[in-house]
Amino acid sequence: MEVCSLPLLQQLSLKNTRELEPACSDLSDGEEQQVLKARRYSGIYSPGKTATEPEAAAPLPRWSPADSSTLYNVPGWGDKFFKASDDGHILVAPQGEGGPTLDLYALTEQLTVAGLRAPLLFRFLPIVGHRIAKLNAAFSAAIERFEYQGTYNGVFPVKANHDKSLIDAVLEYGTPHQFGLEVGSKAELVMVMARLAGTGRRGVNLVCNGFKDAEYMELVLHCRELGMNAMVVMEQYSELDLLLSAARRLGVRPSIGIRAKLTTRHAGHWGSTSGDKAKFGLRAREIVGAVNTLAEEGMLDCLNLLHFHVGSQITNIRMVKEVMREASFLYAELVQMGATMRFIDCGGGLAVDYDGSFTDSHASMSYTLQHYANDVVSAVQEVCIQRSIPPPTIITESGRALASHASVLVFDVLNTPECLHEKRVEQEEVVESIEIRDDKPLTKQLRAAARSGKGKFLLMTFKEVYDNITADAFALREAYNDASYFKDEGVRAFKLGVLSLEERAQVDMMFDAACERIREVAREADLPLPDALRPDAVPHTKMYHVNLSVFRSAVDSWAIQQLFPIVPIHRLEEEPTVAATLADLTCDSDGKVDRFINPRGGDPLPALPLHPLRNGEKYYLALFLTGVYQEVMGSIHNMFGSLNTVVVREARGQAGDAALVVEPAAVQGCEPAPCADAPAHPMADDASSASSASLAALEGGMEADSAFTATHAPADGAAAAAATAAVHDGAPGVPDGAETPAFMQDSGHESFASGSGSGFAAFGASGGGCAAGLVLPSLQLSGYELQEVVPGETVGQVLSRANHDVGEMLRTVGAATAAAVASGEMPPELGQRLLSAYTARMRGYTYML
Ligand SMILES: Cc1ncc(COP(=O)(O)O)c(C=O)c1O
């Protein structure tokens, strides 16, 4: 790996400073500033040069949002949907370049103030529309260029993201292009049947892939009866019999596709879906067998489509060319065998440039949409001309390329151990407490320190190193080496039992102080940092704890080491000085991100440059390009559930008026608007008021209760009685038939003890002091509106998924609390508080507040 040796300079996409240096005087002002900025990270900058030389002491140019944009390579991967604003925020242009923009930080802040907590998933629907239009424009241009007589109709593979708003957006934005859908399972087919029927788009192509049984076959045939162009693709030879039987049973003629197992093999991670050993598809002899069977059945006119899919994220266009040649000849052969072929379906594979390097790296692609369309169209055209066959309609099943950009996940940093203010103060105190006296020779002082103990000696030597940090590149390197050496000595001494824990902590502090001083001096004098202190150097990465579950929201980064761009959404006008890795909320050492996009392609970088945290101020990051696969494949590891999701689209009504009232039934994943007596700003870290606010919301909404407990609430009187009995049976200290304790009556917690009513219904009785719904303010979004807010899962909902009976849990805890209060072990106020906290969390978001 190129890790430590890669200067951040290279990330900045500037040339090596050595190359730039002689030409410095020819540079424009802006370029010269860039070079100056880059220098501070460059260990290779003019080795002979030190800070004592005049120009090195020149004042450092200010960091700008444009520098951050270059550092994080936003233009590289952002496809013009994302950029840095002049005030250092990330702007989103969901309609592409030139379209109205949204300030992601301002939007996040406004939503947070309204009570919608991060992590927040933004779904920018116009981005999907833009990508669909761009893909179609590329195919139209290719069709025109190669004078292709056929057409292009893409389909979206719904497995990439099942979200309803997204699927509806694909159909809506795809209308001018006859864009269709692809399904890979019965459940997906059931979903899509309703979407196509409901949106009046039943005429589009519906490609049915995946494992199939008789029921699947019948459903596809029913789609045809509903007027949908459902084509069922034979992925295995045995499926043909199933299909023919179903067609006979229903008396419906199918439209059949054959998935071919091509020999051309995709070399990337997803290559196992291609080549001879591919999981799906028919080999040449099976294809011939299928054609013969259909001929015998008099159904060759039903064979209409050739399908292939060589794998996702094809990074190099050569693969597309090769695959297209093999597939096009196969298509021509099927025509010549007598099948009524009309479609060639090239599957997915069109890549996304995650690192923005435009290279063959796994996280990138070295071709454009236009190259892709050109190669697909020209390959088919060439074979059609050679074999004199009519040109088919070309289908692609791009998932990644169409929807990745549309989802942006905003999350906050919770803490980083090194950012504690108290610690810095303590560190300064330690530094100051070590005295080196001018009036005595240093060796004498050190000897005295050594005599009084190893700890004292180490601290003294550190102080000496610290005091001698001077503005000279070699001296800085030397100082760092000395500090590292003495730090290691400290560890050794501790292992030998010579150093106390307290002394070891002080040695650590001196080391941190020395590093900080080296950075400071280097920054002030514009000197290169010692290698190990550069922001991209592994030994000095700091771990930022983030309000996120990798397993829930970016599972591919853990499972298959996929890289996603991660960028702060504000403070971009400030230079990021901390080399960070991210650790998520889960209790799993794999729950981290420690590989980051390398804007030059190739090996990932081991650290992400971030800003130091500020006391009492939220620091937000965003994970980009997560619109496919991540949302559908995430797990509930540690019971972190789905995210609060904000769906944004173009303003349809009164432009700019984005007021949105989210009904109480839908606010389970949100914290409600603050009560009058709660802190005005929900970011204020007052867990108890947040809990009582949640309880109030819970108490205020019958609808919320029924949605919340749909599968668990006892539905009738008998069940409720049984629940009551169960509670009383198992509740120590609550005698059968006893009245609800007074402290529970006061606080609306009756159902905890009595199980009265149906499930949670009793919670709805008392009403609360807070608004039950989440009222989003009328945000001035200039050109956009919030189409909907989909609340993330509550703790209770996630528990239900793991077969826990939430009603029963509440009653059990209620009974135990009542018993503790009844026996005098717990004061009633504390009992009330406990129940409030418990219900609030059950109703609350699974992430940190
Ligand atoms: C059959 C099929 N079609 C389409 C796709 C979508 O691929 P991509 O997201 O690379 O476009 C896949 C994904 O693996 C697939 O298996």
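Cβ from N, Cα, C; glycine included.
Copied from TrEMBL, the annotated features are:
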type: ACT_SITE; residues: CYS587; note: active site, proton donor
type: DOMAIN; residues: 135-403; note: domain 'Orn/DAP/Arg decarboxylase 2 N-terminal'
type: DOMAIN; residues: 461-526; note: domain 'Arginine decarboxylase helical bundle'
type: DOMAIN; residues: 795-847; note: domain 'Arginine decarboxylase C-terminal helical'
type: MOD_RES; residues: LYS159; note: N6-(pyridoxal phosphate)lysine
type: REGION; residues: 730-750; note: region 'Disordered'
DSSP says LYS159 (N6-(pyridoxal phosphate)lysine), in three-state terms, is helix
Between the C-alpha atoms of LYS159 (N6-(pyridoxal phosphate)lysine) and the residue listed as 'active site, proton donor', the distance in angstrom, to the nearest integer, is 29
One finds that other Cβ atoms within 10 Å of the Cβ of CYS587 (active site, proton donor) number exactly 8
The average per-residue pLDDT within the domain 'Arginine decarboxylase helical bundle' (461-526) comes out at 91
Across the domain 'Arginine decarboxylase helical bundle' (461-526), DSSP labelling yields 54 helix, 0 strand, 12 coil
A correct count of other C-beta atoms within 10 Å of the C-beta of LYS159 (N6-(pyridoxal phosphate)lysine) gives 20
